[in-house]
Amino acid sequence: MDKLNKKNKNKRIRGLQISIASAEEMRSWSHGEVKKPETINYKSLKPETDGLFDEAIFGPVKDFECACGKYKKIKHRGRTCEKCGVEITESIVRRERMGHIDLAVPVAHIWMTKELPSPSKISLVLDVSYKEVEEVVYFVNYIILNPGNSKNPVFKFKEVVDLSGKGSKSARIKLRKVLREIKDKHQADKHSIIYKRASDYYNKLKESHLPFSIDEVAKFIETHTGIRLGIGAEAILELLEGVDLQKEYDLINEELNSYSKDLKANKEDQKVKRALRRLETIKWLKESGIKASNMILKVIPVTPPDTRPIIQLDGARFTTSDINNFYRRIIIRNERLKKIIELRAPSVILNNEKRMLQEVVDALFDNASRKKPITAKDKRPLKSLTDRLKGKQGLFRQNLLGKRVDYSGRSVIVIGPELKMYEVGIPAPMILKLFKPFIIRELIMRFNEDGQEIKPIAPNIKIAEQMIAQKSERIWDIVDKVIKERPVLLNRAPTLHRLGIQAFEPKIVDGKAIRLHPLVTTAFNADFDGDQMAVHVPISKEAVAEARAIMLASWHILGPKDGKPVATPTQDMVLGNYYLTTEKRNEKGEGLIFSDFDQVILAYEAKQVSIHALIGLSTKCLTKKPFAKQGIVITTVGKAIMNSIMPEEMAYLNDGDNLLELDESNIVFAGEDFKQKLAKRPLYKPFGKKTLSKIIEILYKNFPLQKVPQVLDKIKEFGFKYSTLSSTTISVFDIPRYDNKQEYITKANEMIAKLKHMYQKGLLTDDERYTKVIRLWADVKDNVSRDIKEIITRPEYKENSIVVIADSGARGNISNFTQLFGMRGLMSKSYNYDQKIKSQVIRDTIEVPIKHSFIEGLTINEYFNSSYGARKGMTDIAMKTSKSGYMTRKLVDAAQEVIINDSDCNTNKGIVVSTITNSLDGGVVETLSERIVTRYTIDPIYDEKTKELLVDADTLITSELAEKIAKANVTKALIRSPIYCQSTKGLCQKCFGNDLTTNDLVQIGTAIGVIAAQSIGEPGTQLTMRTFHTGGTANEGNITQGFERLKQIFDVVSPKEWELATIAENEGVVESITSDATARIIRIKTRLEAEEYRVPFDAVISVNPKDVVYPGSKLTEGSIDIKHLLRVAGIETVRQYFLEEVQKVYRLQGIEIADKYVEVTIRQLTNKLQVIDVGDSDYFVGQTVDINKFRKEVTNMLIANKRPPVAINQVFGLDEAPAKTGSFLSAASFQDTKKILTDAAVKNQIDYLVGLKENVILGNLIPAGTGFMSSEEIIKAGEEALEKEY
């Protein structure tokens, strides 16, 4: 077995190369030529000889059996039947053996001639426009192959001429000119045949509409002047064979050097663009050693027959793959063309037949991109080879990256409150189906683990299967044994982040539904209203060990996006623990003192003391708790019960606001009056959802990992138990009364009447009136909301069920209360964001609010508006889910190759971080301490006042150090960042810092790119689709926020005209802000001269006179155009802007994401350069290169005393970034499959399989996580994890 493992390890594919095959290579792959269009015989259903399914070419249909039946056993393996020519081997070879078709004439490859999505490669090599190449290939126009031997030639080399007479007349005029030259030459002998024929052709060409034999004229002209015309792929082939790549390369370089000084300015110039593209293609061909003529096909490979099968349907009908249809047409047309050539048919017929062959070969390769695709009987375009590769249903995404999995099932989920955190209840029928092979193995086993012979329960597999089908009594012990051996994986779609798949130990349950532990629902985003989940069984030892050691649900306490607990109690569980820890005065048994915990329980169960009663508990029974002095703790029965489940060493939990230590006012020491101290002690708030979350964080930080799920399970049990005992109910009569609303509404109505009057008088624009009305009603709702908050915090409502449910964090919030007995408020309406309007105000809110609350009831009109808003909410969610999913996909594709694979890259560059504030209202978006925690410093951090050293250089900032820095009021710090990591592949540990899910240094092999993409993409669905109105004045303008803004940033899209911010282009001081008739003018004095910026009247200016501005500083509010910012201020400013803007979008919606994940993405979007001066390097002008590779190249060139290249930074959006990775497999499986594979083939590119996707495609283990470990290490980790389960 070890030998086998070693053998398989060496089998790992190290790289994959793609190239353009020559005719010789294609013939070498082939096992024979396919000459007939037939597939299988309609009577015998056997493949026809020389046909598309021929056994002699592709291999036998049945294992080790030839076509005629002479050889029928494995013993004949390797022989070839003398009678039918079939090799005796396995039938699986029909999936790999190829055939070929020899074409009668050369044919162009459609990927090389078509312009979209990439420029036509043939057109670039020949320097002929793509339109003209197409005209020649499809036999519309002729191309000049030789301009003749005249001193001043009439035709140019490679000129495309239209001789049909339908279009331009110039070609006929030129031909007449040539003919006149021939006539003039033979003027002396007017009776010669040459002169007569020249005159005859000349006269025919005089009349533009008259047809003439182009072939005859062309041959005549060639004989006498050397001018040669060509048409079709043959002509293109001849030209390609004559191309001298080195010469072309030098010529283009010369051309570029003439205007490379202004290249930056010229980048959009069409001439420069085309020259750069040509240079690129010719350099690729030159370096790859591929002949340019390979772009024209002389042979077509025939794919293996089992990849394009014929399938018999019921009845005598057959269905076949579309590919066979294309091959059939190709063979028929090819054979017909051969015959026509033999018959020496006229050129018109010949050219038409050649064109038809060209078209059908095009259809085979790429049917969809033709103007008129070949269709089936039902008018459906047939699926060509390209269609089989691209898109969601293509080979890459359907068959290689997303396969259907065996040993899996799905069912509806229901709650399983009795389960432990690592358990899942699987229905018995499902267990029997999923674990069937394992159960059968145990049933028929003849030897036990020690090798002793035992009597099998079932004599053979058939009987074992019957026992399982009949659910025999004897199988259940075996089933119990089998399911203990392996956990199962549970997955809920959509899998937005890694917690969407977790492992559990299975338990058999009755019924047909899967039972899920209530604490993992948050991670799966599951609820029990009919959600379904899929179950998968890991098969190999390594998979089982990995599931146990890494994926078990009880290890996933913290969420990856922000390091906050994700396995927190919700709803009933919160309510139960809130009830349990509530304190009340004058309850039964108040003031009793107990010596130990058992006494408390005994008294409670004997109903001698209430669960909320304040009691005393001796600290002597709490031996391991960190008390300074012994005494009696003042607590409640409920809190004593709560503390009984916590680790013994943990501080006694009494006050939710101070969980780390117990305040001395809670302890009665010897000699103090217990009753007096009890009366003085304030009542503490019960433990709500936030407190429970804090407790879990403390547990996770200070105690072994396996302790946390144990406590969580107990919290869950108490939650359900005590929420039941609390018998909390709600009714209409629990809702408090509220009567102040009317006065607010009356005042608002008066104000609206005034605004309307002002609008009619022309003192306000309609936009201003609308904005003020919306603001007014929003203020009314805020006032109502404030009143309601005050009402529900009154002492008389302390025990009100609805208030308790909201206060504990179990369900509901202040906004629900406002709608319930305050007012419903403003509703949103649909709005087309993309319409290009000049109006500054986006009217996506109905300006008449809903003035009633739900308890009062709505009017018909209000009900309509309300339901309209609710329905819009539902459709928005559906829209958002798909858009957010697509964005996650793009993020993953951009960052999937970023893996931690180095301990330290020793960089001295980092980012300077400070608190992020919102420029409009100055509110804090993200504090400095939040930004630096779990990161490494580059420089030491000092207290800015006392100059005391707070943190040394190259030190990890823990949460304690971050707090220390925050207290010292430090304003900025220089820290390590993924953006500046100098590892050539992936990232190093120190640039990333701590893993948020473990609070330890991130491990080598962590696929941090994917985790970053998931952390940014997963909350995407929670972002709103609407445009927010920020600020308070009417002239504030709108800033796109929420999801649309995120898309705008990541796709690097220029903002719309009305939201574009004006930025300073140079450093200077604001001199003045003035206005003229058309705009406001901001005047800035720079070192050299004064600059003026004209901004619209309604723009919000964000600078004041005497302010210092820098390149890229905002002069007006709005969104900055990132490409413009790059030109003005450079890449560092762009990266900083990117980071701050993404964080603003999320934090304004209350979603926390760690900076470092955003930085990983920014790194991927900004780590490419464009070469503008090649120096002595091998680069070419305009080439895109990776920043770290470029840095290495420059260093090497400086060491070698050569002139280094010069490059400028580039920023790519998420649509372009994945295509710029070094892997063509990864890029092709993302988008633009055709373009990427064409480019890669011309380059002769090698994919070294650095990222994850390309390894998955080829069936390798991914180079991350346990992909770095040996099988033995993985299995050992699994065994250790099994011991830790409680």
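Each Cβ is built from the backbone N, Cα and C atoms, and glycine gets one as well.
For reference, Swiss-Prot has these:
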type	residues	note
BINDING	Cys66, Cys68, Cys81, Cys84	Zn(2+) 1 binding site
BINDING	Asp527, Asp529, Asp531	Mg(2+) binding site
BINDING	Cys905, Cys981, Cys988, Cys991	Zn(2+) 2 binding site
Candidate with the highest Cβ count within 10 Å, taken from the binding-site residues Asp527, Asp531: Asp531
Binding-site residues (Cys66, Cys68, Cys81, Cys84, Cys991), the one with most neighbouring Cβ atoms at 10 Å: Cys991
Candidates Cys66, Cys68, Asp527, Asp529 (binding-site residues) - the one closest to Cys981 (Zn(2+) 2 binding site) by CA: Asp527
Nearest recorded site to Cys988 (Zn(2+) 2 binding site) by CA-CA distance, among binding-site residues Cys66, Asp527, Asp529: Asp527
For Cys81 (Zn(2+) 1 binding site), the one of Asp527, Asp529, Asp531, Cys991 that lies nearest, given that the binding-site residues are compared by Cα: Asp531
Nonlocal residues around Cys905 (Zn(2+) 2 binding site), in sequence order (Cβ under 8 Å, 6 or more apart): Cys981, Gln982, Ser983, Cys988, Lys990, Cys991
Shell list (Zn(2+) 2; ref centroid = CB of Cys905, Cys981, Cys988, Cys991; cutoff 8 A): Asp902, Asp904, Thr907, Arg976, Pro978, Tyr980, Gln982, Ser983, Leu987, Gln989, Lys990, Phe992
Binding-site residues listed as Asp529, Cys981, Cys988, least Cβ neighbours within 10 Å: Asp529
Spatially closest candidate among Cys66, Cys68, Cys84, the listed binding-site residues, to Asp527 (Mg(2+) binding site) (Cα to Cα): Cys66
Mg(2+) site, defined by Asp527, Asp529, Asp531: further same-chain residues with Cβ within 8 Å of the Cβ centre: Ile413, Ala526, Phe528, Gly530
Output field, Zn(2+) 1 shell: CB within 8 Å of site CB centroid, site Cys66, Cys68, Cys81, Cys84 dropped: Glu55, Ala67, Gly69, Lys70, Tyr71, Glu82, Lys83, Gly85, Val86
Of the binding-site residues listed as Cys66, Cys68, Cys84, the one whose CA lies nearest the CA of Asp531 (Mg(2+) binding site): Cys66
Inter-residue C-alpha distance, Asp529 (Mg(2+) binding site) and Cys68 (Zn(2+) 1 binding site) (nearest angstrom): 62
Secondary structure of Cys991 (Zn(2+) 2 binding site) (DSSP, helix/strand/coil): helix
